[in-house]
Amino acid sequence: MELPRLENVDLSGKRVFLRVDFNVPIENGKVTDKTRIEKTLPTIELLIKKGARIIIASHLGRPKGQTNPEFSLAPVVEVFKGLVKSNVYFSKTVIGDEPIKLSKELRDGEILVIENVRFHKEEEENEPGFSKKLAALADVYVNDAFGAAHRAHASTEGIAHLLPAYAGLLMHKEIVELSALLAKPARPFVAIIGGSKVSSKIKVLNNLFDKVNHLLIGGGMAYTFLKSRAVPVGNSLVEKDFEVQAFQLIEKAGVAGVDLQLPVDHIIGDQFNEKAKTKSVDKMGILDGWMGMDIGSKTVSNYEKIIKNAGTIFWNGPMGVFEMDKFTGGTMAIAKAISKSKAKTVVGGGDSIAAINKAKVADKITHISTGGGASLEFMEGRKLPGVEALKKKVSE
């Protein structure tokens, strides 16, 4: 069943509960990257054009079910106000008298943003009573929060059973783009998977084996693979409990005819911080007392050749310790190589997107996915609760 679409629905004068993903990075009370806010604007502009009265809900960070000013949406609302032409109001509470009163006072095309839904533990518990209180604010539900679609929470799943429910434009685009990757990718299909832990990527790697032609591994997870092949990795991050599974993945790739590539050289550091001394080492391995912090120039060159000839590219996860300036080189090189490729390109995950933005090549990428965890779970072949709920009839 296809997702129910917004475009042909009459929403004039109706209150629309719009779940978005405004989970943006904030430093010293200021939003440092507004990409996720900007990505929802087409849906918001469509709702304004339709004369809807919009109630926006989002989570921000992990306040653990308690009100915590550090995770307030107030600074996000200030940025959001500068991106839309409509009147924007802010409710300092999620449920109760204030949001109900403000939602009833909205005029067509006006927007109310309610406070962080995760200030209530019932949100993450998907507690039915809390879902009902959210649903009481509106007549219609729209989910545009693909980044939270893998969570069965009250504002992403529970409420969808209580109101007529639709997919927002961003949600629909994400599902279409990622579905096409799995269904009919142009060949060769290259997946570039990085990040620190192999444990968090095992399922997606397993699901990709019968779909991709090349699998390029980077980031901290590469050292668990290398250790499983008896390559010296010094003090690098290794998940000992996953060495056997990493070795089995290498074997499985061989059987499936997938070209699985691991780093052949490394930028290493003598400590895990910005003050680390650094050097480059190749296939002899990493010395004791040193740790792998980024892929080396030979690895970059190997990966660039494969990327250049790709028909489809999926990238999730950095090639090194991207949060430290000394070790961003590999990730930045991959970002630039992908941007020069003629392939269809899909990028997901916070650090990968940050590298694309830092390299100023976002306009060269076919699709930048707003959901790190959600896009990975989708690529694992799993059903996303927030998406499945949109396909169901409203509870009587």
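Placed from the backbone N, Cα and C atoms, the Cβ positions cover glycine too.
Taken from Swiss-Prot, the feature substrate binding site applies to ASP21, PHE22, ASN23, ARG36, HIS59, LEU60, GLY61, ARG62, ARG118, ARG151. Under 8 Å, Cβ to Cβ, and six or more positions away along its own chain, HIS59 (substrate binding site) finds ASP21, ASN23, ASN116, VAL117, ARG118, GLU123, ALA148, HIS153, SER155.
Marked as ATP binding site by Swiss-Prot on the basis of sequence analysis: LYS201, GLY292, GLU323, GLY349, GLY350, ASP351, SER352. Counting only same-chain residues at least 6 apart in sequence, those with a Cβ under 8 Å from the Cβ of GLY350 (ATP binding site) are GLY372.
Distance from the CA of GLY61 (substrate binding site) to the CA of GLY349 (ATP binding site) is 16 Å. Reported as a whole number, the C-alpha separation between ASP351 (ATP binding site) and GLY61 (substrate binding site) equals 16 Å. Secondary structure at GLY350 (ATP binding site), taken from DSSP and collapsed to helix, strand or coil, is helix. Cβ-based crowding with a 10 Å cutoff singles out ASP21 as the top-ranked of the binding-site residues ASP21, GLU323, ASP351.
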